[in-house]
Amino acid sequence: VICHPKYQESKRIAIFLSMPDEIQTEEIIKDIFKQGKECFIPRYKPRSNHMDMLKLSSAEDISSLALTSWNILQPSDDDSEREEALAGGGLDLIFMPGLGFDKKGNRLGRGKGYYDTYLERCMKHPSGKPYTIALAFREQICESVPVTENDVPIDEILYEDC
């Protein structure tokens with residue numbers, strides 16, 4: 001990931017905070033700050049498909065975040081101090097989680113459509129759609145995953161030995 005050309009050239013990067021069954025992103029987050037890049041993380045709005053990408057001030061900032069009912073760390077609902085990526089310069093790159101992926105760029109998420117809805121909003125931003133990279137385990141690569149017309153394909157899937 002750290003050597004990937006898209007990562008190297010990106011200045012504004014969104015990345016998920018890992019759940020136990022996902023690729024662990026802590027070292028990538030540390031490197032984002034080490035490289036002087038800007039880091040944004042998701043804040044999911046419950047009972048909707050709305051998600052924002054809010055700016056972290058440092059890797060240590062993660063320890064100040066609230067734990068949601070889904071056991072995900074994220075900025076609290078009343079945190080209005082953080083920059084939302086689309087209110088500023090947009091994003092260059094989004095690292096995406098998922099449950100399953102196919103080699104056509106289709107992604108099976110957790111069913112709420114948060115990332116697809118966010119990518120639709122990105123497409124309306126002056127900076128356009130960011131490059132999307134899914135971080136996966138080899139076992140998550142499938143022949144095909146079910147998709148709907150609302151699903152936005154990802155640009156690339158990174159997994160061990162890909």
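Backbone N, Cα and C atoms are what each Cβ position is placed from, and that goes for glycine too.
What TrEMBL records for this protein:
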- Leu17, Glu22: substrate binding site (BINDING)
- Arg107, Leu108, Gly109, Arg110, Gly111, Lys112, Gly113, Tyr114, Tyr115: ATP binding site (BINDING)
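Under a cutoff of 8 A between CB atoms, and with a sequence separation of 6+ in the same chain, the neighbours of Leu17 (substrate binding site) are Thr25, Ile29, Ile41, Pro42, Ile62, Leu65, Ile72, Leu73, Gln74. Those residues of the chain, other than Arg107, Leu108, Gly109, Arg110, Gly111, Lys112, Gly113, Tyr114, Tyr115, with a C-beta within 8 angstroms of the mean position of the ATP site C-beta atoms are Gly98, Asp116. All protein chains considered, the CB of Gly109 (ATP binding site) has 17 other CB atoms within 10 Å.
Sequence-distant neighbours of Gly111 (ATP binding site) (same chain, 6+ residues apart, CB-CB distance under 8 A): none.
Its Cβ placed at the centre, Tyr115 (ATP binding site) has 25 other Cβ atoms within 10 Å. A separation of roughly 12 Å, to the nearest angstrom, links the Cα atoms of Gly109 (ATP binding site) and Glu22 (substrate binding site). Sequence-distant contacts of Glu22 (substrate binding site), defined by Cβ-Cβ distance under 8 angstroms and a gap of at least six in the same chain, are Phe16, Pro97, Leu135. The binding-site residues considered are Arg107, Gly113; of these, Gly113 has the fewest other C-beta atoms within 10 angstroms of its C-beta.
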